[in-house]
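Annotated domain 'ThiD2' per TrEMBL: 20-142, in sequence order. Among the features that TrEMBL reports, domain 'Thiamine phosphate synthase/TenI' is placed at 163-350. The 4-amino-2-methyl-5-(diphosphooxymethyl)pyrimidine binding site annotation in TrEMBL covers Asn224, Ser263, Lys292. The Mg(2+) binding site annotation in TrEMBL covers Asp225, Glu244.
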Amino acid sequence: MNPDEDHHPVDREYPDTIMRVLDANANRAAEGLRTLEETARFVLNAHALTSRLKTLRHDLATAIQLLPRMQLLRARDTAGDVGTNATTQSEHQRSNVRHIVSAGTGRTQQALRCLEEYGKIVDAEMAKRVEQIRYRCYDVFAELEQVCVLGGDRLSRLQRARVYALIDGGEDETAMVQRIGLLADAGVDIIQLRDRSLDDRTLFERAVAGTAVTGRLGVLWIINDRADIAAASNADGVHVGQEELPVGQVRRIVGSQSIVGLSTHDIHQVREAFASTADYIGCGPVFPGITKQFERFPGCDFLCEVSREISSRADHSETRPAFAIGGIGASNIDQVVRAGFGRVAMSGAIAGADSAEVAREVRTKLETVPIDNPADMVIA
Ligand SMILES: Cc1ncc(COP(=O)(O)OP(=O)(O)O)c(N)n1
Ligand SMILES: Cc1ncsc1CCOP(=O)(O)O
Ligand SMILES: [Mg+2]
């Protein structure tokens, strides 16, 4: 705030000691929130958490404006602060992102409590607002720490993923598990269970079996359409279409640690998806295929538009991994690659006896397209 705009009704001067506590902790809390926000944004790609942390940071700045800023600045005395040299060894060591997050959340919470307590002497309204911010922080911080462990791992695997296979539930559970093993061996990164012919109980049981085997094999496991079954089976995520439950509602069911994918068929839907909390998008249908019939094919023109949209955004945290889908296989992968896509989802092409060779061949071609991979830092 401009010092001239300091409109706090200063009817008294507060002791410098109090002002120093408030000044130091206002800075500490704001810096802590910014560190956590950057982690959610750039390291974890956690869109919903990033925006909640940003709102908290802004609300804190608004609350701090209730303090007499000139008095705060006059009281600032970094050189005379006996605490600046009193550092501990652990303050200078951060071994991984989890460590940064737990240090940041602890520090921010402590700073908010100090602000609140000392703020009560100066401005009761400010103290009340900080108290509310502190309560909101408890929830957001708990989620952030959890996302760091499970969600962060899922998101970094998603960022690296290139080949995504859609499968049905198979003849029986054993057949499905075998197929998953084969696809994983062939280097498939993500497998989606897409089967509308199964009753809910059987679909759930297949989902549970898939969660267990993909967990062992290091493959992401996504359930098509059904957020409830994805949550109940502890799958890595869910994929929904434009006519299904909105992404925000899906999130309420599966939580922030799960992957949510969204189908897109035109560039407006892609932009909407980038503004939502979806973690990746499916783009298509590109070509006619055997799995699903369509009247319209946005085709490779659409893929080119999506590639341009992604590369036009300087800030890659504003985009999401995009998988081309629809009739894609070894015979047309070159066209997809030429459209700038380094990731595909396939069903029909990986359903036959040659599925492993197809998956390998497709992968080799896709690897010629660089994909943005910001999540290559050690999160564990
Ligand atoms: C990765 C991926 N992309 C697109 C789709 C299609 O989803 P949707 O439009 O909801 O159609 P159905 O698969 O539900 O028939 C997908 N499943 N996966
Ligand atoms: C579900 C879906 N949505 C767009 S294309 C498609 C089917 C993908 O299967 P295939 O790879 O066999 O065309
Ligand atoms: Mg669907």
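Every residue, even glycine, has its Cβ placed from backbone N, Cα and C.
Structure with TrEMBL features highlighted.
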{"residue": "Asn224", "record": "4-amino-2-methyl-5-(diphosphooxymethyl)pyrimidine binding site", "Cβ contacts under 8 Å, 6 or more apart": "Leu166, Gln192, Leu193, Arg194, Asp195, Val238, His239"}
{"residue": "Asp225", "record": "Mg(2+) binding site", "Cβ contacts under 8 Å, 6 or more apart": "Arg194, Arg196, Val238, His239, Val240, Gly241, Glu244"}
{"residue": "Ser263", "record": "4-amino-2-methyl-5-(diphosphooxymethyl)pyrimidine binding site", "Cβ contacts under 8 Å, 6 or more apart": "His239, Val240, Gly241, Gln242, Ile281, Gly282, Gly284, Ile325"}
{"residue": "Lys292", "record": "4-amino-2-methyl-5-(diphosphooxymethyl)pyrimidine binding site", "Cβ contacts under 8 Å, 6 or more apart": "Pro285, Gly326"}
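When every Cα pair among Asn224, Ser263, Lys292 is compared, the largest distance found for this 4-amino-2-methyl-5-(diphosphooxymethyl)pyrimidine site is 14 Å. In the predicted structure, the domain 'Thiamine phosphate synthase/TenI' (163-350) carries a mean pLDDT of 96.
Break the domain 'ThiD2' (20-142) down by DSSP state and the numbers are 98 helix, 0 strand, 25 coil. Close to ligand 2, meaning a Cβ under 6 Å from one of its atoms, are these of the binding-site residues Asn224, Asp225, Lys292: Lys292. A Cβ distance below 6 Å to any atom of ligand 3 is met, among the binding-site residues Asp225, Glu244, Lys292, by Asp225, Glu244. Surrounding the centroid of the Cβ atoms of Asn224, Ser263, Lys292, where the record places 4-amino-2-methyl-5-(diphosphooxymethyl)pyrimidine, the chain contributes additional residues within 8 Å, namely Leu166, Arg194, Asp225, His239, Gly241, Gly282, Ile325. Reduced to three states, the DSSP call for Ser263 (4-amino-2-methyl-5-(diphosphooxymethyl)pyrimidine binding site) is strand. Taken residue by residue with DSSP, Glu244 (Mg(2+) binding site) is part of neither helix nor strand, so it is coil. The local packing around Glu244 (Mg(2+) binding site), expressed as other Cβ atoms within 10 Å of its Cβ over all shown chains, amounts to 17.
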